[in-house]
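Student: Here TrEMBL flags 67-87, 99-117, 137-156, 176-197, 209-228, 297-322, 342-360, 381-401, 421-444, 456-480, 500-519 as transmembrane segment.
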Amino acid sequence: MAVEMNIENGEFEDWRGSKADPAKHGGVTASSIACVVEVLENMVFLSNATNFVEYFLKSMHYSAAESANMVTNFMGTSFLLTIFGGFVSDSFLTRFKTFIIFCTLELLGLILLTIQAQDSRLLPAINSKPSKTQEAILYTGLYAIAAGVGGVKAALPAHGADQLDHSNQRLVSSFFNWFFFSLCFGGLIASTVMIWIQENLGWNWGFKISVVTVSVALCIFSMGFPIYRYKRPGGSPLSRIFKVLASAIANRKASLPEAENTQIYGEKRNHDKFRFLNKALMGESVASTEVEETKTFIGLLPIFASTIMMNCCLAQLMTFSVQQGNIMNRSLNSFKIPTQSLSVFPISIMLASIPIYEYFVRMFRSKNNHHPGLLNMFQPLRRIGLGLALASGSMAAAAVVEAKRREAANDDVVLSVFWLVWQYLLLGVSDMLTLGGMLEFFYSEAPDTMRSMSTALSWCSTAMGYFISSVLVTISNSVSGHFGKEWLGGSDLNHTRLDLFYMLLCILNFINLLNYIFWARRY
């Protein structure tokens, strides 16, 4: 009974199961380990996304289209599985154990693919498709990695934030900023060092380095267990939500005053939001805390849905922006920038934006400490809104630059790839504000028993943005094809209307911004 009370009160424990001592457990040092591990984890994830294309093409003998789809599906599945990883972390295991288990699963998947890549008996013969057994090994390893990545990305940021004093919201906010910095730094290593290794030493070295890197990340994370503080899982949050919804539906004819007088609310009550759920209190097995938990999680969903369109813009950095860069002048004096390293531009901008943002916030707070209203401009919802506005602006800039590039190409002039910096700059800062704000918002506002799963909504938004981007391309081609020529038909960008597609994304993002403002003001 005492343990249940500790869990309900949100208290933490140490590795022995005793109440955590703030002087010995948690703190900045413990949370910093999560940032170090994220550098290594994201480096492996993004470098493998590039490495897999080469592996599928040259070793497994899939077509270019099949290889691209397999990689896209792998990345999308990895992000979507963060919800499953968050559910496991919130329901059954501590975030520490969740990370250990899923990181080990990712490592086993990498080892399996590394063995297959080195053993000719497990690879198809030249000019032959892989056998059923070879495909089974490939997909087992591939989706073991995807499941592992999903669990790691759900548990790691929440575990890092758990180590901090939640009464100091500025400290929690700073952690998510530097966690995003670590994520980008891992991406920078993947786009530079790992690309160089794959091009000069061979793609098979990418698998070997990934195995070693994930092993090191697992060891570093595990070494911090004596100083971590842990929160025991509180059972399945989804079952509690379904119970509340079922009870509310069963008692839908009850009057609200009667339902609201049935039980006393807890501290986080919200009388004006989703009041119909109060009817669930008429059920004997439903507690007021479960109703509040359900209200809080449902309240997060409109904010989550409003960020998906911004991630459609991010998908362009991995697709059309790279294709633009391929046919632009990539020379920098005598050095020619590799195509795969074009992502260095937005990543570098994101990296630079974090310390600049932190410095600006610190200076602003020191000068306006007695004006709480001014400090509210750095709240996560305002930060996300600014990021969404910049996403719309980035697509407008991208449309202008693409129109200029096509006009120059018609005159046999090749523009410098550095013209793309404008869209990279705006979208890079937009991603820093939006994703960093989402991680902080979903963690801070989520019920204590659902923080991993709620944080995972940030990654699910990324996955759904990539999937919806593909749908928008298909719809744009279908509609424009009925009125003449497909905007994005063919492989030559000089004969497409990518600028119109970018403008469409600009308009959709502006409409989405208005939708976001509506929900954010009601939150």
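Here the Cβ of each residue, glycine as well, is placed from N, Cα and C on the backbone.
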Student: May I ask which of the stretches 67-87, 176-197, 209-228, 456-480, 500-519 has the most CB pairs under 8 A with the transmembrane segment (297-322)?
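Tutor: Per the Cβ count, the answer is 456-480.
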Student: If we call contact 3 or more Cβ pairs under 8 Å (sequence gap 6 or more), are the transmembrane segment (342-360) and the transmembrane segment (137-156) touching?
Tutor: no
Student: Between the transmembrane segment (137-156) and the transmembrane segment (176-197), are there three or more C-beta pairs closer than 8 Å, counting only pairs 6 or more apart along the chain?
Tutor: no
Student: Quick check: do the transmembrane segment (67-87) and the transmembrane segment (209-228) share at least 3 Cβ pairs under 8 Å, counting only pairs 6+ apart in sequence?
Tutor: no
Student: May I ask which of the stretches 99-117, 209-228, 381-401, 456-480 has the most CB pairs under 8 A with the transmembrane segment (500-519)?
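Tutor: Against the transmembrane segment (500-519), the leading stretch is 381-401.
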